[in-house]
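Structure first, commentary second.
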Amino acid sequence: MKVQDLDLNYQLVEEILSSFLRNEIRKFGFQSLVLGLSGGIDSAVVCELAVRALGAENVLAVKMPYRASSRESLEHAELMVERLSIRSEEHDISQPVDAFFTGIPEESRLRRGNIMARARMIVLYDVSARDGCLVAGTSNKTELLLGYGTMFGDMASAVNPIGDLYKSQVRGLARHLGIPAALIDKAPSADLWQGQSDEADLGFTYEEVDILLYQMLELRMDKESILAEGVPEPFYARVRQMVVRNQYKRLMPVIAKISGRTPGIDFRYARDWQEIS
């Protein structure tokens, strides 16, 4: 199986996701979105979709660098701001992140990365409260399945248009949308520290894991069939473990059911009944 087998009709995907954003924003009673613009492909695609769906005047991009962030990331974020003629703000998170770790021993890169992600979430939700807009998420399907993200950090949002697209499909959609090649072709990175790379952290490429996840989820192939395709068993076992172990990250907090109608389980909110005018 080749990664090209995951390709979609990206014109149709664009139409579906644009309609999704317009409809969900209206259902929630809002008109505009705010998102963190990192300079990476995921946030660039979400920003492009939001502008096409809602108009440039209804999209605010927030750049949130840390002192170790690469200059290239900021340049690529600004490239999207100029391309789309949207409003933007910049909030440096270095001071609050560094202050959090003052006097705390046993610091690790993982913990600092989580605090950075949650500091950015705080900024976005404060802007959301200030301006009366919704926060758009930028986590793709591959990241969500693997749990490669921070709960109540970069995984926090009100709407996420790309959460059902594998990373390889996000790249395909980016090409369709005309996202600058510099953003599509560079190595994926959360830019948490100098030289950090998603694929180095994970130990495999997005193309490799997207094919495996597609076989597991979309094709519903069993272990024996997947291994017969030439997938190494240790790779299969590790990815499966990541998907299973991180299920809790993909759910709202689990509620113990006591009554006949429990929020988030079997009680439908009024907004779900509203007609879209």
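Placement of Cβ uses the backbone N, Cα and C atoms for every residue, glycine included.
The ATP binding site feature in Swiss-Prot is assigned to GLY36, LEU37, SER38, GLY39, GLY40, ILE41, ASP42, SER43, THR138, LYS167, SER189; the stated evidence is sequence analysis. GLY36 (ATP binding site) falls within a strand when secondary structure is assigned with DSSP. Sequence-distant neighbours of GLY36 (ATP binding site): residues of the same chain at least 6 apart with a C-beta under 8 Å from its C-beta are SER43, ALA61, VAL62, LYS63, MET64, ARG120, VAL123, LEU124, THR138, ASP154.
Summarising the annotation, Swiss-Prot assigns Mg(2+) binding site to ASP42, GLU143. Long-range neighbours of ASP42 (ATP binding site) (same chain, six or more residues apart, CB within less than 8 Å of its CB): THR138, SER139, ASN140, ILE162, VAL170. The secondary structure of ASP42 (ATP binding site), as reduced to three states from DSSP, is helical.
Under DSSP, ARG118 (deamido-NAD(+) binding site) is assigned to a helix (H, G or I) in the three-state scheme. Taken from Swiss-Prot, the feature deamido-NAD(+) binding site covers ARG118, and the record attributes it to sequence analysis.
GLY40 (ATP binding site) sits 18 Å from ARG118 (deamido-NAD(+) binding site), taking the CA atoms of both as reference points. Distance noted between the C-alpha atoms of SER189 (ATP binding site) and ARG118 (deamido-NAD(+) binding site) is 17 Å. Cβ neighbour density within 10 Å is lowest for SER189 among the binding-site residues SER38, SER189.
Residue pair SER38 (ATP binding site) / GLU143 (Mg(2+) binding site) shows a Cα separation of 16 Å. The ATP-binding residues named in the record, GLY36, LEU37, SER38, GLY39, GLY40, ILE41, ASP42, SER43, THR138, LYS167, SER189, extend over a maximum Cα to Cα distance of 18 Å.
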